[in-house]
Amino acid sequence: MLTEQIIQSLRAVREQKPLVVNITNYVVMNNTANALLAIGASPIMAHSKQELAEMMSFSGALVINIGTLDSVWTPRMCFAVEQANANNKVVVLDPVGCGASTLRTETSREIARLADKLIIRGNASEIIALAGEQAQSKGVDALDSSDAALGAAQCLVAEYGANVVISGETDYVVTKDSVVTLNNGHPMMPYVTGMGCTLTALTGAFAAVGDESGLAAAAVLGVVGEISAESSRGPGSLQMNLLDELYQLDEETLIQRLKVQ
């Protein structure tokens, strides 16, 4: 049943080509825009408060990534969330580096409190810190294992009514009703900057067509990362191959490679 849901979501993204509004960081804008295009969605990077109400009126979802956060960005992000709420759109929050600084932690929590329909996508240390527990991180990199964040994820589900995607060697999708485990991916993936941010952007595309759990995006990127690594000499070629494999991914390959339970 889970596999069929994932396939249906992939089909819907490619048929509907949803517009995804991204307020994201300077490091990954190109990566995430290309990934959205490759999977079949339509990205737009919208950072001006003057256009956000209009953008959210006709977009499919809002992605907020705090990777290069500053005091100018926070009010825009909060305003965008309010507009997403007004239009009954899902907000996907990537709390990059949450726990590394007070600013990142407090801003992540403020955005999470504001959003009516929320998916949180982060690594284990970010999820643990967002839940108010003691996390182990080095900047934006996680030192905690993904399974160590399961309790924190369940706290976030309860506190914010969110669905939570924990990225790591094993990915977990946590909702109020279930915990789904994904065992795809490749050890080379963390050596490409913005891989988690790419997953967050893809989560926005799938949320726009009805997958408000985050499952389909995590499944697709895990399988694609695994396939891409097989023909990659290192992180540089992996990044390039990833876009090609997102574009080329067919349903039969996804069914054959997917490790979900």
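Note that Cβ sites are derived from N, Cα and C of the backbone, with glycine treated the same way.
Fair warning: this is a prediction, and the values are worked out from it, not measured in the lab.
Listed in sequence order, the residues of the same chain lying 6 or more apart from MET45 (substrate binding site) and placing their CB within less than 8 Å of its CB are ASN22, ILE23, THR24, MET29, ALA33. Annotation source Swiss-Prot lists substrate binding site at MET45, GLY194.
Following the DSSP three-state reduction, the secondary structure of ARG121 (ATP binding site) is strand. Take the CB of ARG121 (ATP binding site) and look out to 10 A: across all protein chains shown you find 30 other CB atoms. According to Swiss-Prot, the ATP binding site annotation covers ARG121, SER167, on the basis of sequence analysis.
On the backbone, the CA of SER167 (ATP binding site) and the CA of GLY194 (substrate binding site) stand 12 Å apart. Note: GLY194 (substrate binding site) has non-local neighbours VAL27, VAL28, ASN31, THR32, i.e. same-chain residues 6+ apart with C-beta under 8 A of its own C-beta. Of all Cβ atoms in the protein chains displayed, 28 besides its own lie within 10 Å of the Cβ of SER167 (ATP binding site).
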